[in-house]
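Notes to accompany the following structure.
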Amino acid sequence: MTKFSDLKLGPKVQKAIEEAGYETPTPIQAQAIPAALEGRDVLGIAQTGTGKTASFTLPMITHLARGRAKARMPRSLVLAPTRELAAQVAENFDTYAKHVKLTKALLIGGVSFKEQDQLIDKGVDVLIATPGRLLDHFERGKLLLTDVKIMVVDEADRMLDMGFIPDIERIFSLVPFTRQTLFFSATMAPEIERITNTFLSSPHRVEVARQATASETIAQAVLEFKPSRRDRAASEKRRALRELIDREGDKLTNAIVFCNRKTDVDTVSKSLKKYGYDAAPIHGDLDQSQRTRTLDGFRGGELRILVASDVAARGLDVPSVSHVFNFDVPGHAEDYVHRIGRTGRAGREGKAITICQPSDEKNLEDVERLLGKPIPRVELEAHAEAPAKNEEEAGTPKPERRSSRRRSKEVEPANVAEPAQDVEPVKQADAEPAANAPAKDEKPKPQRGRGSRQGGRDNNRDRDVIGMGDHLPSFIEKSFEERLAS
Ligand code: AMP
């Protein structure tokens with residue numbers, strides 16, 4: 001097994017690694033660092049959590065320890081798709097370069113240009129930036145990229161998703177041809193392949209852990225969610241989430257709730273807060289100081305539930321998350337693996353529970369195909385049994401007057417949701433009618449015994465309950481744990 005001492009990193013870098021408590025290099029570090037130290041281009045196909053950040057920061061620091069930066073001419077450049085990732089890379093530099101005198105600047109949106117200009121003016125060894133912000137600085141004539149000796153592109157596949165590839169190509173054209181390029185991506189989409197063929201020179205290719213690998217320590221489950229009425233879909237889904245959270249009890253120490261849409265991130269977070277949960281949102285439209293505060297709170301254990309979009313949470317390094325909830329099934333199956341990879345890290349146990357509404361079924365099929373196995377289903381207690389305090393939200397249809405009051409109540413205290421957001425899933429159901437969705441002209445029916453019309457692996461769900469109306473007492477049902485284990 002490779003040891004850090006075999007890697008020819010500078011002694012001051014070795015010392016910082018020891019102080020960080022790392023004993024052995026991760027596979028990507030063992031393979032990428034020697035090539036990077038030789039000055040070769042590296043193409044790293046690795047997801048977050050593999051130690052990939054250190055695989056480029058450690059050799060960079062070793063190289064940059066010699067020489068000095070000139071004013072406005074950074075000696076190295078790291079491009080990251082989001083502000084959080086850029087900030088995380090900057091933290092890595094702080095940790096590993098603590099015994100080396102290196103200057104760095106972080107160019108991300110939401111921070112004043114003036115402060116950033118001052119740093120660049122003095123000259124920086126490492127410039128860490130999101131592509132748009134870097135080009136803004138360049139176009140303002142404040143930055144010269146002609147002295148860049150090492151350029152890193154991190155999370156290139158996410159750059160592609162976010163439409164940054166033209167910016168990346170432009171930046172490649174602004175840095176010297178003789179630079180060294182370290183390029184990282186979790187997947188090799190054709191567009192990424194094209195970029196690497198164009199801009200990397202005989203790279204040393206390192207690939208670790210297949211994309212579809214979900215840690216064996218993560219217990220996964222899916223709740224097939226069917227609203228009792230289309231106009232209640234949004235609020236019932238939020239209630240389903242609360243029930244899923246509640247049933248985890250003390251085992252849930254902290255959790256990330258992922259939503260596909262930014263509007264849902266806000267709505268779900270406000271709704272959880274309204275119901276007394278310790279939750280806060282993170283997505284790209286929030287200002288930087290708020291995002292940083294929220295993340296620090298979550299990392300530090302003061303915040304229990306982080307509600308996040310994929311982009312904001314991508315690559316975030318939060319060491320121990322006990323639970324991941326997918327409020328929606330992600331549109332890209334790979335994102336599912338990324339999302340649930342936030343839990344069950346470093347051999348710890350974790351649980352990932354996904355809510356799948358009828359319009360998400362195709363996405364769920366894609367996820368299961370990628371995983372190569374079905375995800376066990378779980379169910380909630382029958383909604384008819386919901387405690388009185390949530391009566392307004394219970395599945396049983398109420399006269400219209402109460403229904404509209406219920407909606408306004410949902411909105412009222414914290415301005416939780418604009419009505420338009422509440423009806424969003426209804427539109428989806430319209431666009432993509434599921435086999436069991438009510439026909440357009442059909443009146444909404446009271447919810448039947450739980451999941452009674454759902455297909456799927458659990459035949460029990462097809463039964464109607466005789467002698468109890470539509471109500472199936474919970475003690476008849478298997479417990480959540482039993483289902484997970486089955
Ligand atoms: P990354 O994939 O770069 O986001 O890194 C994931 C986590 O692994 C970070 O918390 C790092 O601090 C940690 N890490 C990186 N390299 C090592 C190592 N060799 N040993 C133990 N932990 C590491």
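One is the number of the first residue shown, and numbering goes on along the chain from there.
Yeah, the Cβs are placed from backbone N, Cα and C, and that goes for glycine too.
What TrEMBL says about this one:
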| type | residues | note |
| --- | --- | --- |
| COMPBIAS | 379-392 | compositional bias 'Basic and acidic residues' |
| COMPBIAS | 455-465 | compositional bias 'Basic and acidic residues' |
| DOMAIN | 2-30 | domain 'DEAD-box RNA helicase Q' |
| DOMAIN | 33-206 | domain 'Helicase ATP-binding' |
| DOMAIN | 244-386 | domain 'Helicase C-terminal' |
| MOTIF | 2-30 | motif 'Q motif' |
Averaged pLDDT score, the domain 'DEAD-box RNA helicase Q' (2-30): 92
Composition by DSSP (helix, strand, coil) of residues within the domain 'Helicase C-terminal' (244-386): 65 helix, 27 strand, 51 coil
Per-state residue totals over the motif 'Q motif' (2-30) - DSSP helix, strand, coil: 18 helix, 0 strand, 11 coil
